[in-house]
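K.L.:
Got a structure for you, questions after.
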Amino acid sequence: MNKITIYLATSLLAVSIFSACKQERKLPFYGERHAETVKDAAGVEKIDTVYQTIPAWSFLNQDSVITTNKATDGKVYVADFFFTSCTTICPTMHRNLMTVYNDFKANPDVMFVSHTIDFKYDKPHVLKKYAQKLGVDGPKWLFLYGTKDSVYTLAEKNYLVAVGEDNTAKDGYIHQGYLVLIDKDRRIRGAYDGAKADQVAQLKKDIPVLLAEYKK
Amino acid sequence: MRKYIINALFFISLVGIIVSCQNQETIDLQNYMSNGKDIYKTKCQNCHGENGEGLGQLAPPLTDSVFLKANKSRLACFIKNGVNESLVVNGKEYMEKMPAFPELADIDVAQVMVYITNSFGNKQGFVPYSQVSTDLENCK
């Protein structure tokens, strides 16, 4: 009798511990952070964490129209760095990103932004042709052209993706194939290797989690 | 009764010998297929996809058996020297440039070509390395 009571008690305890642990999944914040003293609505001072954000930007899109961060403000978006004549990881990245794009096509809160790092060749009309041939049309997926400085700085300092020119590389450029997930407040919430199917699958699961944060 | 058993054993061993004795071409084909798959993964798969499905209108699929058959003697040239002309595959036109792969030796070209023409629903059989070398000499 005594034994049974102990068993029961232990299992009850275990169940309560496990159920207490269960909470909504939240995505992490990437990049630098610092604490800042802010005043809330009631004027009470408190310390809050300030996370790294993507700064304002302005580039030409695939339709040669000046496009700024206003296009993505208030949206969750996936950013990546590529170039159209790339024969290594980019085709795989974009093949995988296409499946994410198709999944979230109907969701107005999700966008896609691809920056070219080939500032010599990938002018907007080249990007346009590339987008069309990939099977993308419309403003939901932006293909952006900018100067070397602006794009490379944005990549390395803000999106934390390494890019560079390399004459020894087959296609002349090297870069990491990360798909970077940005939230509605321009903070980095995820980075997924676009060449790996399992990480892209994770991205597909994480986008709804991120969107849910804003539904309260 | 004994006779039957002896006869049966004789026939079973005969069949066994024939089955285990694959001809040289089958062995070569298997060899090419497994090496070709490795080359395909590192050199071709990025654009043409894991299952040869291609990528939009940027890279053609490798599933058009009619195209592969019609261009049989040019496939080796495509693989090694790239493509700089528009090609019609599965009824669609593809105009993007395909890069060259000069680092591939003739045997590599032969292996990856045999892999492609015998995968993704294609079944065009074995092509020996010597034939590929001849094809490569006659590239335009």
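Heads up, the Cβ atoms here are built off N, Cα and C, so glycines get one too.
TrEMBL does not curate its annotations; it predicts them automatically.
Per TrEMBL, the feature domain 'Thioredoxin' maps to A:48-212. TrEMBL lists A:C86-A:C90 with the feature disulfide bond. Sequence annotations record features per position, and here TrEMBL assigns Cu cation binding site to A:C86, A:C90, A:H175.
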K.L.:
Which of A:C86, A:C90 has the fewest nearby Cβ atoms, counting only those within 10 Å, among these disulfide-bonded residues?
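P.N.:
Counting other Cβ atoms within 10 Å of each of the disulfide-bonded residues A:C86, A:C90, the minimum falls on A:C86.
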K.L.:
Check A:C86 (disulfide bond) against DSSP and tell me helix, strand or coil, would you?
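P.N.:
DSSP assigns A:C86 (disulfide bond) to coil.
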K.L.:
Just to verify a number: CA distance, A:C86 (disulfide bond) to A:H175 (Cu cation binding site), in angstrom, no decimals.
P.N.:
10
K.L.:
Centre the Cβ atoms of A:C86, A:C90, A:H175, go out 8 Å, and tell me which other residues of that chain have a Cβ in range of the Cu cation site.
P.N.:
A:F81, A:F82, A:F83, A:T88, A:I89, A:M93, A:I117, A:D171, A:Y173, A:G177
K.L.:
Report, as a single number, how many Cβ atoms besides its own are within 10 Å of the Cβ of A:H175 (Cu cation binding site).
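P.N.:
Its Cβ has 25 other Cβ atoms within 10 Å.
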K.L.:
Provide, as an integer number of angstrom, the distance between the C-alpha atoms of A:C90 (disulfide bond) and A:H175 (Cu cation binding site).
P.N.:
9
K.L.:
Mean pLDDT, the domain 'Thioredoxin' (A:48-212)?
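P.N.:
Taking every residue in the domain 'Thioredoxin' (A:48-212) and averaging pLDDT yields 92.
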